[in-house]
Structure formats: C-alpha cells, structure tokens
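One structure below.
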Amino acid sequence: MTKLGFLRLSYEKQDTLLKLLILSMAAVLSFSTRLFAVLRFESVIHEFDPYFNYRTTRFLAEEGFYKFHNWFDDRAWYPLGRIIGGTIYPGLMITSAAIYHVLHFFHITIDIRNVCVFLAPLFSSFTTIVTYHLTKELKDAGAGLLAAAMIAVVPGYISRSVAGSYDNEGIAIFCMLLTYYMWIKAVKTGSIYWAAKCALAYFYMVSSWGGYVFLINLIPLHVLVLMLTGRFSHRIYVAYCTVYCLGTILSMQISFVGFQPVLSSEHMAAFGVFGLCQIHAFVDYLRSKLNPQQFEVLFRSVISLVGFVLLTVGALLMLTGKISPWTGRFYSLLDPSYAKNNIPIIASVSEHQPTTWSSYYFDLQLLVFMFPVGLYYCFSNLSDARIFIIMYGVTSMYFSAVMVRLMLVLAPVMCILSGIGVSQVLSTYMKNLDISRPDKKSKKQQDSTYPIKNEVASGMILVMAFFLITYTFHSTWVTSEAYSSPSIVLSARGGDGSRIIFDDFREAYYWLRHNTPEDAKVMSWWDYGYQITAMANRTILVDNNTWNNTHISRVGQAMASTEEKAYEIMRELDVSYVLVIFGGLTGYSSDDINKFLWMVRIGGSTDTGKHIKEHDYYTPTGEFRVDREGSPVLLNCLMYKMCYYRFGQVYTEAKRPPGFDRVRNAEIGNKDFELDVLEEAYTTEHWLVRIYKVKDLDNRGLSRT
C-alpha cells in the first residue's frame, strides 16, 4: 500500500491500523527487553525452581504424558522419593511440551531447553495484548494502549518473566489477566458463552500456579460487593454461577488440586457466595409474588434459619476435619508474623519476606504515583467492571506489602490503573490544546478563556511525556542490571570495568555428574536440590519443594552439629557427599554461612532437634560472629568447618590477614583444624562451591579411613 493509499483510508481504518501497530510494537518490546540474560551470557535456565520445571518438562517431552503423570522420582528426597504427577501444577510443562511438539511437527527443530528459556518472554507478549483488551473494557482504547506499553517493561513483572526464568508465574500472569478479561465480559453481557470462556481460562490458571486461590476469592468478593451495593442483577447471577460451577469441576481435574475446591477453607468463600446468589435469586422471586408485609416476615424467618444452619454445618465440618484449615502460607498473608513464629521453613524463603517501601519504587516507579489517579477515575465513574478493578488494586496492594513475591500480582493492576490515569490526564489537557495559528484566532476567542490555558496544557503534556520516558529508562536499567543475571552464573565488575564471570555452580555440578557414582547421595541445604538433580543427575536428600519439614530439619541438625553428631545423622541418611556454598573468598553474600541461622531454627523446630538452640550460636552480647569472638558452638559445627576448611591459609585482600572473610568482613576465629569425618573432594575455582566426601567406617567400625 502506497503512502497516498494509506491516506485515502477512512479515519476508522487508519485508527485501527495505528492501534494495531502500537500494540504490536508493545508486544515486540515486551519480548525483546527480556533477552538481556541470553545476550549477555547464553541460553540458560535461571534460579532454582526453574531447574525442576525444566527437568520435568524434558521428561514429559521425551516420555509422554502417561509416564509423566505416573512418574515416581527416586532422585529426590532420599530415601522417601517423590510422586511428581500428583504434586505439581502441570500447566507450564504441558504448554512447553505442546509448543515443542508443534514446532517439530512443522520440522522446526529446537531443543526443549530453548523452548523453556523463551517461554516466559513469549507469554509476556501475550500479556500485553490481554492487558490492552482488559483496560479497553474499563475505559477506552487509548488507556489500553498505555497500559499495554507499561506492562511490557514494568520491572515488577519482568522480574519473573525474563528469558530463562522458567517458572509458573511466567504464564500464570497471562492466565490471570485473561480470566479477569473474560469475567468482565461475562459481567457486562450476562452471557453463558463468555462465562464458559472465563471458566476455561480459570482452568488454565489453576493448572499453572497455586496463586489461583487469589483469583477464586477475588471474583466472589466482587459479586458480594455488587450485592451489598444493590448492583446485583440477572447478568451477575448467570456469570458467577456458570463460572463457579464449570470452574470448580474443571479445577478438580488437576491431580494436585483434587477435591480442595470443595473441602478446603481457601475455597469456602466462593462456595458461600454461590449460595448467596441462590438465596438472592429466590428472594427476588418471592418479592415478585408476595405483598411487602408477607415478604418481610418470610424474609426475616428464612434468613435467620438459613444463617443458623450454615453456621452450624460449617462449624461441624471444621471440627470434624471435613473442611481443611487454612495452609501456613495463607495464614502468613493474613498475619505476617505467623510464619516467623510458627513455621520457620516458610519464613526462611526470601520471597516470603515483607516488602520494603523502596521496592515499590524500584519495581513500579511512575506507576506508584499514577495508580491513585486511575483509582480516582474509577471511583468517579463507577460501573460493575470498575468496581472489580478497584477491588483487585486494593487487595493486591495489601498482599504485596505482606509478601514481596506478590509484587508480581500487583504489577498488572498498577499498569492498568496507571494507564487509565495517564490517559485521563492526557485527554483532559489535550482538549485544552489549541493548535491553530495565533494570527487566525479572533480577539473574542482569545478572551473567552483564561490567557495561559494553551501553555498549561502544553506544559502538562510535556511533563507526562517526560515521566513516561524516565519510566522507560528506569525499567530498562532495572531489567538489565537487577533482573537479567542468572543465579547459576554470577558476574561482577573488575577494576578496569570489565565483566568477570563466576561459573562455579555449573563447574561443581559437572564435577559431581562425572566423578561420583550414579547412586551417590548428596546432602546440601534445600535451596540447591533442584539444581543438583537437574544438572548433576544425582540423588539428593531435600530440595525446594519443602514438603517434609522433618526431613529438612534433619539436614539442618547435621549442619548445626559437631562432626561426631553430624556423622551419625549422615550415616543414618546414607549420605555420600556434602555440598556447601561459600562466598568468603569472592564476596558472594548469599552463601550458607549467611543462611546458617535458618538451618539452626529449622533444625531445632522438631522433636529430634530440640537440643539445638539458636542462642547457643550467638556471642554473649547477642551477635552472630565468625571471628575469635564467635560462639564456640558455631566455630566447631560442621557447616563452619566445611566452609572454612583450609581458608585460614588463604589471602583474600591486600593488607588483610589470611582467612579474612570478605562477606562478614572479619578474620575467621577457627583456622587450624582438620576434618575427622569428611575429606575434601572438590573445590571450585573461586571457592564458591565446596564438596566433601563422607568417610567410611572400617570393617570393625572402630575408626574412619
């Protein structure tokens, strides 16, 4: 089409083409901005959980769904093992395997690893499109395009969707927004068609991420608010009843979910609102058949009876255990101190910590300030759909403050409401912008408005443009510097500004894979379990699934005990090798010494570890120190000795004594010691990973060789 031909198109067609072009550019930007890690390093899986997801996806692609669904993994949680098919959300793996097989059907040969690496950026592009349609339903196409452009680069979402971040959240945010879009369409139309599509989107969400619980509580809450505000109608009744019935039946097809939608407390709100819908419909029917006096007497009687019966039945079901109580993670959302005081394994995960104020600006920047503007617009122009987005924004704001991981749930609604806010500000001032030539304006036109209306409008538009540009630069910088570094490969800047690569993790796992027996059992802290099984292909005792607190506690007890007591535990668990992460030489702060207090807390949280007390590992003044002032219990435990073995002879910095720990900024207190029950098997180039072999007893069990 020539340029002249384009200009001859009708205004509507030009408008459509321009929207399509902008939306396509946002989708391409969303994909490309997540590729920093691939360009800087290589096509590699990030973090810890993604390695398990990659391993299971590879098994599914090679062996098929039947074997995948019935897979018993004997490489994990030795000697217990783990049933894979019934303990995971399979949506991520099935999606990747389906894409892999479709590409191979068309003779596009691509490794399953590369499918996994690029899946999250691909779905982030789909998310921009869904965000556009969702925001368009709330305001207009202009707001939708702004929201799509914002979510394409928002760091709060990019943090879990960069190339290589192969985790459930990579596709779950798309599923969540798709479900919300279908729900709003169902609410607006009252159509079973849209409600059924919403149920299907919800089913995809359930199959992909445990965060579906937020969704199945938010939608009923929306319906309840519509009831309380007098907005409940036949449209809402049809939409919710269809979504709840179909969605519940479909969600129960996921093995890991099973009967939870009708048995667990997290799902009871949805069931209760479903019952309220039936009562509301019945009351409306009675109102149409009875006079006001009869209706009031009957209404009070029925409500009292139904309320009493429901409370009695609910209490009995809770007491008899037919309805399971809330899980620890759910309790920790309602009471942030619950996990810290009762379940240290949950509190030990960095993702479960409360969010700091600085994190909001770091992950959202401009959106923090434009979110209230969009919220104000929705309050000023209330509708059923806008009530939903208000509730989504307010609830996700609270939950993101309780748990930093849920910043991911907040980011999309921040983009939507900020897109609405920016669109409203720009459209308001654009109306005041007069682009006609000054010499052609009549004196009457000039005097009819305040003198500087045009200048104020121009200034505000320039200010908003500046804010949007700074938002883009900030998001790109955060993506590049903070969220595009795979934890499996570390990097740092040298004195001359060049990039230094630390590839110790893969070096260690490669050594394990090729230099240890295939049936070797490796003991490490649970953080590294998935990586060891995926990359070293060796049996591990605990991993990131953390389903058995007692087993993890036993590992923590071994790490926190003296060599003799630890040896008894290691022999009990048939351990062949022990792996620890140590950052004292390179300055890597996420090492096992810094995680050690969590090992102590978790180790002492069970009956077999009651003798382990956290205060024993502190100095008399309450400090955790690794130097000569440190606690003797700490300086003689297994973890300390494995990390600092031979370290007392190493010079780490100029003008510092040997054995100077660059993370703790201290000279270690216990330098001259030998290991009795372990022998050093391998230490990586930068001492980041240290592997020890457990010595065997001699034939009579009198000494170790």
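The backbone N, Cα and C atoms fix where each Cβ goes, glycine too.
Since this is a predicted model, take the numbers as computed values, not measurements.
With respect to the membrane, Y11 and V404 are annotated on opposite faces, judging by the topological domain names in Swiss-Prot. Matching D49, D73, D74, D284 to the Mn(2+) binding residues that Swiss-Prot gives (D167, E169) identifies D49.
When the ranges 235-253, 634-652 are checked against Swiss-Prot, the one recorded as transmembrane segment is 235-253. All protein chains considered, the CB of R405 (dolichyl diphosphooligosaccharide binding site) has 19 other CB atoms within 10 Å. Most Cβ pairs under 8 Å to the transmembrane segment (211-229), among the stretches 235-253, 357-379, 386-402, 407-428, 454-473, belong to 386-402. Residues of the same chain lying 6 or more positions beyond the ends of the topological domain 'Cytoplasmic' (230-234) and with a Cβ under 8 Å from any Cβ of it are 190, 223, 280, 384, 387. For R405 (dolichyl diphosphooligosaccharide binding site), the nearest neighbour among the listed binding-site residues (D49, D167, E169), judged by C-alpha distance, is E169.
Long-range contacts of the transmembrane segment (357-379) within the same chain: residues 138-139, 150, 154-156, 159, 386-387, 389-390, 393, 404, 407, 410-411, 414-422, 424-425, 467-468, 470-471, 474-475, 478, 482, each at least 6 residues beyond the stretch ends and with a Cβ under 8 Å from a Cβ of the stretch.
According to DSSP, D49 (Mn(2+) binding site) sits within a helical segment. Only residues 6 or more beyond the boundaries of the transmembrane segment (454-473), in the same chain, are considered here, and those with a CB under 8 A from a CB of the stretch are 150, 153, 365-367, 422, 425-426, 429-430, 432-434.
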